[in-house]
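Student: Structure below; questions to follow.
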Amino acid sequence: MSRFKVSKFRHMEARPSRREAWISDIRAVTTPTCGNHIKSSCSLIAFNSDRPGVLGVISLEGHEENKRHVTYLGCHSDLVTDLDFSPFDDFLLASGSADRTIKLWRLSGTGEALPSVPGVVLGPEELPVEVLQFHPTVDGVLVSTAGKTVKVWDVAKQQPLTELEAHKDLVQSAVWSRDGAIVGTACKDKQLRIFDPRARTQASQSTQAHENNRDIRLAWTGIQEHLVSTGFNQMREREAKLWDTRLFSSALASVTLDTSPGPLIPLLDPDSGLLVLAGKGENQLYCYEVTPQQPALSPVTQCILENVLRGAALVPRRALAVMSCEVLQVLQLSDTAIIPISHHVPRKAVEFHEDLFPDTAGSVPASDAHMWWAGDNQQVQKVSLNPARRPHPCFTSSLVPTMEPAPDMVQPAEMPRADTDLSEGFSSPSSLMSPSTPSSLGPSLSSTSGIGTSPSQRSLQSLLGPSSKFRHTQGSLLHRDSHITNLKGLNLTTPGESDGFCANRLRVAVPLLSSGGQVAVLELQKPGRLPDTALPTLQNGTAVMDLVWDPFDPHRLAVAGEDARIRLWRVPPGGLENVLTTPETVLTGHTEKIYSLRFHPLAADVLASSSYDLTVRIWDLQTGAERLKLQGHQDQIFSLAWSPDGKQLATVCKDGHVRVYEPRSSPLPLQEGPGPEGGRGARIVWVCDGGCLLVSGFDSRSERQLQLYIADALAQGPSALLGLDVAPSTLLPSYDPDTGLVLLTGKGDTRVFLYEVLPEAPFFLECNSFTSPDPHKGFVLLPKTECDIQDVEFARCLRLRQTSLEPVAFRLPRVRKEFFQDDVFPDTAVTWEPALSAKAWFEGANGQPRLLSLQPPGMTPVSQAPREVPARRAPSSAQYLEEKSDQQKKEELLNAMVAKLGNREDPLPQDSFEGVDEDEWD
């Protein structure tokens, strides 16, 4: 632009919309990622919610008669780092995550259910995915970054076309040029690089971008050779630079803003050349006009925001209100709302202005991935934004097929009410199988899932695959009044084989760091702040290795010591009031320190212990004698677990084997199979009514993983593998046999994974995880009787922090809570009453636990509840008006105006005035 030529945007105004147009009642969160946290197509908005791995989805266009409601899409098992809509298909969304995968989702229109499984999964990568972007001219191509790696994907084949090399540090930005021929990247090594991915994997050009390596972002202008970068200089000032790839040694122009720490998000509209700079954590937007011809970054306007900005996105140009001269619309993501910010150029005439709205790229791709990779450079056909001439082609990408529900799905009376969730909707991510999972495992629903399906539901499941009815699980901390606070001197260095603390329905036992192996006993019925004085303890005289409560006697605690002894303590019914130094019983027999203790699930006074002497010993607590000794381990025993019927005992060992024993039959293992490869630790638990074994451990790359075994076929190896994440602590599984859910977390973690475990494919159904703001030191599951059944609380846990003990409730959102949810709460086993004595069990007897109904008095099961008849909705006034002709609308408008003016035959006020004589005018 010549310096004597004025800009057509010089009078542009940026105004946040009225509160009525805000999308309120959301909960957003900012994560330390390179993404913008919000994206928009011409139909939908997607944004990061405050739940890890969950995106909020809402319609872009609001309707006056209906308030827009946010639906939630459970995408990943970890934070969503970036997301992008297809430039051609408004309902095709790609999401990248810290779980190292990229997923493509076929979203639906307003009011329709979101998918529960992705249409396409790319990866997993070696590191978390940081950035992704669809190709601007081709359907089925996208670029992504993970660590130092940049890949260009053929989505249809689910394979990378190429991998761009030469990056020496974390890649913070990767963007396509407008014609889709080249890719620009910004790296933490301060370098900007230009790639032609179809020609070579090495960068064709590179230059130093900014002097500081913090959060460098890129955006291409409408001219292929020019791009904009944002970052920080050596003085930690935020700056934006304009680059020409033909003269890449230095920037053409630059502008410096301030020293605010929030990284700048560059939002550039290539058609108008307008650049909006939005700072995370700030309350101001800067708008510049990019003029490469001069060259310059010319300031146009600024906008003060009412709320702090957490993310920002541009609304596509085809969705702007062109008749009101809206040249730009920014969506501001705040903590509790999405706020549209319109940029208008004031004009007198209400008409389409060609100078403000040149033709823009349409919604039909120019080619496909195969043609583009072969060298095709066709460009997307441009379309006019003039409403009178604007075409309305509807392109639907074939990458993810659309879901066409069966006709009977639209009949509400046909749908069962037992598994109905909240109307706002919430979709759960699918479980990702490890690459080593057998390929023959096809998706199918287990009969144990407890979901009654109609033919219409089965036809939908054939498209989406199975999903858990617990996928909408909501975990939350209970009120602070139920917390135990002011904990001091906790022992946080208990062995990895121990849970760190133990709890029953009455009290909690926590090892302390003080000498003498002291254990504090806290009463759950007495929450609040503990006194600053020393607590009464159980003094073991040696370091505590593990501890566990007797399931049939809530006052008896078993403690394993480093001195190879097991001490049994009796806690008074009112709680521990004095220091106890003498245990009720001491069990001796192991020759090395003990690692794990497990009480028998059905027989009273039967205890199993594992030791570093490579044996498992089973004790009769009535006589205080060792009765059985199991052998066959070649290395440290990581974990042991009784089967639900108490007949067998399983172990996982550092020698890389899983073993199953029948203790009363033989001291040697009945079965043996391969276990986790890593030797850092493992846990084992019986699942699926004792038909399967679940082992949590590590692979050879130190990735935490789950292995599911058929209990009768250990030698065949695991039936399924599930890789989770990379972390140092072993995942501690807590299994709920009533729901089939396993809760997994590690010491020092902030997240609790939830999976429904099935004995057949797909074996693992992922549910919403629970995330806490700070790490916990332990996490244990309480008995089912502690749950609030009327609030559909199916699990309650205790979370041990460094200074407090907090209860966590896991609930399932349901619409009709006035009914007993019998599909969620089957009859539960009475685990606090023994089924037989120790003597009977050692003599070969077996027992079964008594079952107890959890149905509260006076509540009707939801399976017997009357079905709701959907109310017929009357057509809205807007629909009624659309059916009228223009002439009818005109007549109604005139009649309404006349009715307001009153009767036209009434005399006018001036008719009653007295006139003047003619001669008075002179």
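Quick reminder: no glycine exception, Cβ is built from N, Cα and C everywhere.
Model, not experiment: these values are computed from the prediction.
Feature table excerpt (Swiss-Prot):
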type: COMPBIAS; residues: 427-456; note: compositional bias 'Low complexity'
type: COMPBIAS; residues: 881-893; note: compositional bias 'Basic and acidic residues'
type: CROSSLNK; residues: Lys469; note: ubiquitin cross-link
type: MOD_RES; residues: Ser459; note: phosphoserine
type: MOD_RES; residues: Ser462; note: phosphoserine
type: MOD_RES; residues: Ser912; note: phosphoserine
type: REPEAT; residues: 75-115; note: repeat 'WD 1'
type: REPEAT; residues: 124-163; note: repeat 'WD 2'
type: REPEAT; residues: 166-205; note: repeat 'WD 3'
type: REPEAT; residues: 209-253; note: repeat 'WD 4'
type: REPEAT; residues: 539-581; note: repeat 'WD 5'
type: REPEAT; residues: 589-629; note: repeat 'WD 6'
type: REPEAT; residues: 632-671; note: repeat 'WD 7'
type: REPEAT; residues: 725-765; note: repeat 'WD 8'
Student: Verify whether three or more Cβ pairs under 8 angstroms connect the repeat 'WD 4' (209-253) with the repeat 'WD 2' (124-163), leaving out any pair fewer than 6 apart in sequence.
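Tutor: Judged by the Cβ rule, the two regions do not touch, with the required three close pairs absent.
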Student: On the DSSP side of things, how many residues of the repeat 'WD 7' (632-671) fall into helix, strand and coil, could you say?
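Tutor: Counting residues by DSSP class gives 0 helix, 17 strand, 23 coil.
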Student: Would you count the other CB atoms within 10 A of the CB of the residue listed as 'ubiquitin cross-link', including those on all shown protein chains?
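Tutor: A 10 Å sphere around the Cβ of the residue listed as 'ubiquitin cross-link' contains 21 other Cβ atoms.
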Student: Give residue numbers and ranges for long-range contacts of the repeat 'WD 8' (725-765): same chain, 6 or more residues beyond its ends, CB-CB under 8 A.
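Tutor: Those are 52, 77-78, 99, 428, 430-431, 433, 441-444, 446, 448-449, 465-468, 470-471, 473, 475, 492, 496, 499-500, 638, 644, 680-683, 685-689, 691-692, 694, 696-698, 701-704, 706, 708, 710, 719, 771-781, 784, 794-795, 797, 808, 810, 824-826, 828-829, in sequence order.
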Student: Across the repeat 'WD 6' (589-629), what are the DSSP residue counts per state (helix, strand, coil)?
Tutor: 0 helix, 23 strand, 18 coil
Student: Counting each residue once, how many in the repeat 'WD 2' (124-163) are helix, strand and coil under DSSP?
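Tutor: Split by secondary structure, the repeat 'WD 2' (124-163) comes out as 0 helix, 25 strand, 15 coil.
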